[in-house]
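Here is the structure we will look at.
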Amino acid sequence: MNTPTDPALELDEVTVSYGPAPALENIGGVVGPGEAVALIGPNGAGKSTLIKAILGLVPLVSGRITVLGRTPAQARREVAYVPQADTLDPEFPISVGQVVLMGRYRRIGPLRRPRAADRRAAGDALEQVGLADRARHRFGTLSGGQRQRVLLARAIAAEPGLLLLDEPFNGVDAVSEQALLNAVAVLKGQGTAVVVSTHDLALAHLACEEVCLLNRRQYGFGPTRLTLTPDRLRATYGGHALELRGDRVIVAHS
Amino acid sequence: MTAVGRAIVEAVLLGAVGGLISVRVLLRRLPFFTLAMTHATFPGVVLAAIAGVNLYLGSGVFGVLVVLGVLALSRRPEQGTTTAIGIVLSAGFALGVILLSARDGFAKDLTAYTVGQILTVGTGDLVAVSVVGVIVVVLVTTAGRRLTFRAFDPDGHAAAGYSPAGIDLALLLAVEAVIIVAVPAVGAILAVAVLVAPAAIARLWARDIPMMTAVAVATGAGCGLAGVLVSARYDVAAGGSITVVTGGLFAVSLAATAAWNAVGRRGGSRLARVAPGSTGGERRFRET
């Protein structure tokens, strides 16, 4: 069993490969309960691949991933994944409430109907992201930022020990961004560890204790203030200019 | 029971079963796959007839091979899949035609296996549709939530620890079973109308999946009944009648809902939303 002091996520020399060239090489680091790590790197750097590896959906060539003291496949029921909202079909005939309830499916099991506890958890989760009044709306009628919040609510309803977010702030309005950050902060307060891939360095500063700089291999893993340095960023992005915002704008030139 | 009586029962049962599975076909975006599966099943039906074995048994065995082939295709990267499906579709149909042309009475058999001969169905055919109907009902009631999850968010479904291959296999086998029992009624080629159109019609009118399912089942059964009645009244092919009635209803629905939404944009449409506005603070979750 995992005790509260054990790490929520351990990456030990993780190497993943789709073809002859490795997609990720020797990634290593530790995330404790209630801590958040930002995965930062350019497109195609392997951020999504690392998230898939933590979910146990892609095999490792070498190294080891330990999630809540177990293998990724064993721990999957206690890991929640938040996809990018714009990858989902807005025409799908499903209500916001039904999407959130999906977070409870593993607990409900195939043959039973959702119980009061499941509906309550789903309702509470929706309230945490500030969309309690939208439960009966069709998912696709919400704005992009609101849809992202619904998907976070689905993850919250699963009561995860580890939360994985794939580019949650892409194309998200300021109101939704704040709602997402608040909800993530509440989860962290409850001991949930968070892994979030993002391009937004200002948000990494705001929400994450740690950052992991990635571009196929690791360019740094550690406390945000110490790791998010101009030199490291320049190395990670290989000289490409960065689009940044907030007061800590760092631009790497080629 | 008279031949027409049996035909009506067959058409209504098949329409209802097809309507039920069609919702899952549409949500999972499988209409084109289904079209390919009907064409690939056709040579299996012909082989079963040539070998003289039970049509359901023979095409069932062949159908499982078709499903495994389709599943293997769908595992490949998205690019090129449609091309492969298109080739499988025409090659499957061509193989059936070649096999049939080696026999006497080619034209008559070709008609029977491609567009059906519902007036010749026997009690065994009705039993076959009923058995497949029970299988589809069991699948939809026990795995409905998973099917919806998989269709809506494939990555999230896999991340939650579900096996995508398992649920896909179950759905494709059910689709193949419906194709096979549809052969005597509407033929292998027209089966796609039974397996896609009811949900496409329901999708235009319904706001959520339970309502869509109810409308699709009713539509499938209704079109089956109307098709057989039209066929008996005007002495035209039943498989064709059922398909034309279904297609006509789709066209009418498309026009009607488009007009309705155009008017509703001014007056407040019910068709575009899950619920006509939610009441503040109320939290209710309906099952899918």
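Numbering starts at 1 and runs along the chain as displayed.
From the backbone N, Cα and C atoms, a Cβ is placed for every residue, glycine too.
Note: TrEMBL annotation is automatic and uncurated.
From a predicted model like this one, the values you see are computed outputs, not experimental measurements.
Sequence annotations record features per position, and here TrEMBL assigns transmembrane segment to B:7-27 (among others).
Long-range Cβ contacts of the transmembrane segment (B:47-71) within its own chain (Cβ-Cβ under 8 Å, at least 6 residues beyond either end) map to 33, 36-37, 40-41, 88, 92, 99, 102-103, 109, 113, 128, 165, 168-169, 172-173, 175-177, 179-181, 183-184. Summarising the annotation, TrEMBL assigns transmembrane segment to B:47-71 (among others).
As annotated by TrEMBL, transmembrane segment applies to B:83-102 (among others).
Taken from TrEMBL, the feature transmembrane segment applies to B:114-140 (among others). Sequence-distant neighbours of the transmembrane segment (B:114-140) (same chain, 6+ residues past either end, Cβ-Cβ under 8 Å): 3-4, 6-7, 9-11, 13-14, 16-17, 20-21, 24, 42, 56, 147, 170-171, 174, 177-178, 180-190, 213, 228, 231, 237-240, 242.
Within its own chain, the transmembrane segment (B:188-206) is flanked in space by residues 14-15, 18-19, 21-23, 25-27, 31, 34-35, 38-39, 41-42, 45, 93, 96, 113-116, 175, 178-179, 182, 212-217, 219-220, 223-224, 239-240, 242-243, 246-247, 249-250, 253-254, 257, 271, which lie at least six positions past its ends and keep a Cβ under 8 Å from the stretch. The transmembrane segment annotation in TrEMBL covers B:188-206 (among others).
What TrEMBL records for B:213-234 (among others) is transmembrane segment.
Taken from TrEMBL, the feature transmembrane segment applies to B:240-263 (among others).
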Open item on the list: Give the nonlocal contacts of the transmembrane segment (B:7-27) in its own chain as ranges (CB under 8 Å, at least six residues past its ends).
Closed with: 1, 34, 118-119, 121, 125-126, 129-130, 132-133, 136-137, 140, 147-148, 151-152, 171, 174-175, 178, 181-182, 184-186, 191, 194-200, 202-203, 209, 212-213, 216-225, 227-229, 231-232, 238, 242
